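Chemist: I'd like to ask some things about the structure below.
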Amino acid sequence: MLTIADRSFQSHLIMGTGGASSFDTLEKSLIASGTELTTVAMRRHAAHTGAHGESVFELMQRLNITPLPNTAGCRTARDAILTAQLAREALDTSWIKVEVIADDTTLLPDVLELIDATETLTNDGFTVLAYTSDDPVVAQRLEDAGAAAVMPLGSPIGTGLGILNPHNIELICSRATVPVLLDAGIGTASDATLAMELGCSGVLLASAINRCINPITMATAMKHAVEAGRLAREAGRIPRREHAVASSSFEGLASWADEVL
């Protein structure tokens, strides 16, 4: 069970809607992934791209998926705060994924603006899920500012490079008292599994599904990958060793010398 603030979800996979090739493919991918929480970028108008003019928000309502509006594209805390307020009024939700981007080339978080936005929105009654860098100190500052979940990147958005700094992700997980959701950079199922093995509570991804060759098949793979990583973490991996350790006992082993005698 993934618990964030006052809500719980069976699935530990959060899916994004950005980059989907078609409305129909998005719908089938959402179903295949098993996600119960899905991010949508807030804009001044909602795109109606379904066959019958159905919006993404109406699709999620039909599929019983909780929408998580985000502030994608915002460059300042002020813009992120305004976008969150518009989302609350439009969607009647106080949940918001806060992104404050430093520049359009790297799409890396501006952590100073992010912390400012997180604190202000938390004080205004929002449940903030904060997209951040893989810096453990920044993650702690966001938690101190009131974030209900911290969302460190594995690698820059859309790169598919996987988790470039697993040590830092594991360190963030070990120190956090709120859920840690790996966000950005996932390229394939093994990346999602690793995130959960490192101790993440969940994984958010969009491009890895929406921009791959077969999104529906990849959505299914990601569903199982996240669950596999979670179970592996709970089971506990064997310790790493410098030397080989036999898995079978040598007691009673037949040898040629014994047979000759």
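Cβ atoms are placed via backbone N, Cα and C, with glycine included.
A quick note: this is a predicted structure, and the numbers were derived from the prediction, not measured.
Marked as active site, schiff-base intermediate with DXP by Swiss-Prot on the basis of sequence analysis: K97. Residues or ranges marked as 1-deoxy-D-xylulose 5-phosphate binding site by Swiss-Prot: G158, A184, G185, A206, S207.
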Chemist: Going by DSSP, give the three-state secondary structure for G185 (1-deoxy-D-xylulose 5-phosphate binding site).
Modeler: coil
Chemist: Could you tell me the C-alpha distance between K97 (active site, schiff-base intermediate with DXP) and A184 (1-deoxy-D-xylulose 5-phosphate binding site) in angstrom, no decimals?
Modeler: 13
Chemist: Give the maximum pairwise CA distance in Å, whole number, for the residues G158, A184, G185, A206, S207 listed as binding 1-deoxy-D-xylulose 5-phosphate.
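Modeler: Pairwise Cα check on G158, A184, G185, A206, S207 gives a maximum of 9 Å.
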Chemist: To which of the binding-site residues A184, A206 does the lowest count of other Cβ atoms within 10 Å belong?
Modeler: A206
Chemist: Starting from each candidate's C-beta and looking 10 angstroms out, tell me which of the binding-site residues G158, G185 has the most other C-beta atoms.
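Modeler: Answer returned by the neighbour count: G185.
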Chemist: Give me the count of other Cβ atoms within 10 A of the Cβ belonging to K97 (active site, schiff-base intermediate with DXP).
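Modeler: Total other Cβ atoms inside 10 Å, all chains included: 28.
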Chemist: Look up the residue listed as 'active site, schiff-base intermediate with DXP' in the DSSP assignment and reduce it to helix, strand or coil.
Modeler: strand
Chemist: Cβ within 8 Å of the 1-deoxy-D-xylulose 5-phosphate site's Cβ centroid: which residues qualify beyond G158, A184, G185, A206, S207?
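Modeler: In sequence order, the nearby non-listed residues are G16, P156, I157, T159, G160, I186, L205, A208.
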Chemist: Just counting, how many other CB atoms are there within 10 A of the CB of S207 (1-deoxy-D-xylulose 5-phosphate binding site)?
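Modeler: For S207 (1-deoxy-D-xylulose 5-phosphate binding site), the count of other Cβ atoms within 10 Å is 18.
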